[in-house]
Amino acid sequence: MFVRFLAFLALVTAAASFNVPVASFEIRKAISRTALKMETDDAGDANLEKETPGSSSSSSSSSSSSSTHNLLSDCPHFSTCSGCTLADPATSKILHTSRSFFERTFPDVTYTHTQPTPSKSWRNQAKLATSPLSKFKPGVQLGLYASGTHTLVPIPDCSVHSPEINSAATSIQKATIKAGVTSYVKPDQSNRVNKSGKNGPPPTGHLRYVQLNTFPSSPPTLSFVWNSENYKSTQPHLSRLLKLLSPTYPNSSIWLNLNTSTRNNIINNDGWVHLKGPFYTTYPLLSGGNLYYNPKVFCQGNMEGFMEIISRIINLSNHGILKNRIEKVVELYAGVGCIGLNLVNEGVTGDYVGSDVNPENLECFMKGRKTVKKEYQRCEYKSLGAGGSLDKGLGRGRDTLIVDPPRMGLEEGVLREINGRRGEGKLGDVRNLIYVSCGLDGLMRDLEGIKKGGGGWEVRLAEGYVLFPGSEHVETLVVLTRD
């Protein structure tokens, strides 16, 4: 313990000597990992190592997340902010629900869970709403709405945000005052017809939301959701804002999202405009190479934690979990290829095809593919939905299927093909099924359907990952095989 403490002090000292943002980000991650390791060891029975089938440990992160240094109740915004509802991630009700489901539905499987990152400073992406800073002067404040309301709660010192997010939010707020930017305001009843038969007053103001992304290998990405129909109507306020931010973020990727909808959707998918800086930002693959992102594509809110899930998938064969070797992989709901490109780069498979319905993912994937090891660059990607991918034959001749669906779970047609008999249908050759879930309800429904189906599947592994400490949410990795 004393040796680890000296190592921790050395990291702190090293961090103090760096002034470069990227370097300090990496050092801070190392410091937080060291601190979490020290908390875990002090707790005695905590264990952040992944468990193999048959392990008796069922709460690998409970004691570490109970450490007083790992609680979120000391966040100055905890009592008012809607973003976090759990002071101690170990008290999560959803983890109890998940465990109960697997004990009841698959009693031969030992369900475990882990928290792969500390409870604080894990969030690398944030979408912050706006409200007027003053009734009489321009300027906006950023934060989250109080639960069930449109009353904004400023969160300048949010404990789960990366420090870069908090810093960027503060800089933007200050710049809006000087730039004369006002907050979007939606009058009561503005989207309803009044007694005279006419619509109520339209929404007013400029800035609706700000989306911030921070990766260790890139400057922050700043995205401004603006109450305008076109770029011209954002002027001169947007240009003033960017000019004020330029000295602080000279190399950042900066985007505009045009959104005049009176609905509550944060982003207009057809309203993106790239303003300045790099078109893509990168996140490192596990062993060299990069993933490519921009605001048009989905990005995990805790990339560091999600990489731990991918590491687990890569090492499945080493722990005897898979009965069958991974050779030819098809991945549905693949996003930019976060899972697939890592598997290819690690040599887990040399024959990969991924797909996703968002056409913006394709270019991100292709750029990422160029950075993987040359001998493994033979991989493909199709801009197709999950069902359409199977209709086009992407699952034929593949021994491994990876799915990472939205919270609602698998499409009905995909589940039906998974339940097809071995050797029959569009997924008849598949013997390994790797399911990464971000929605427990959808996962439970799908697994119950697979159990009742005739596909001959056996659950070999079920692990929960607390990627978003403070919230009632769990990501789940389930591995199934069949003869």
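The backbone N, Cα and C atoms fix where each Cβ goes, glycine too.
These features come from TrEMBL:
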ACT_SITE  Cys438  active site, nucleophile
BINDING   Gln300, Tyr333, Asp356, Asp404  S-adenosyl-L-methionine binding site
COMPBIAS  55-66  compositional bias 'Low complexity'
REGION    42-66  region 'Disordered'
SIGNAL    1-17  signal peptide
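Positions of the features from TrEMBL, shown on the structure.
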residue : record                               : CB count, 10 Å
Gln300  : S-adenosyl-L-methionine binding site : 20
Tyr333  : S-adenosyl-L-methionine binding site : 23
Asp356  : S-adenosyl-L-methionine binding site : 27
Asp404  : S-adenosyl-L-methionine binding site : 23
Cys438  : active site, nucleophile             : 20
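Those residues of the chain, other than Gln300, Tyr333, Asp356, Asp404, with a C-beta within 8 angstroms of the mean position of the S-adenosyl-L-methionine site C-beta atoms are Phe298, Ala334, Gly335, Cys338, Ile339, Pro405, Val436. Comparing Cα positions, Cys438 (active site, nucleophile) lies closest to Asp404 out of the binding-site residues Gln300, Tyr333, Asp404.
The record assigns Gln300, Tyr333, Asp356, Asp404 to the S-adenosyl-L-methionine site; their largest pairwise CA distance measures 15 Å.
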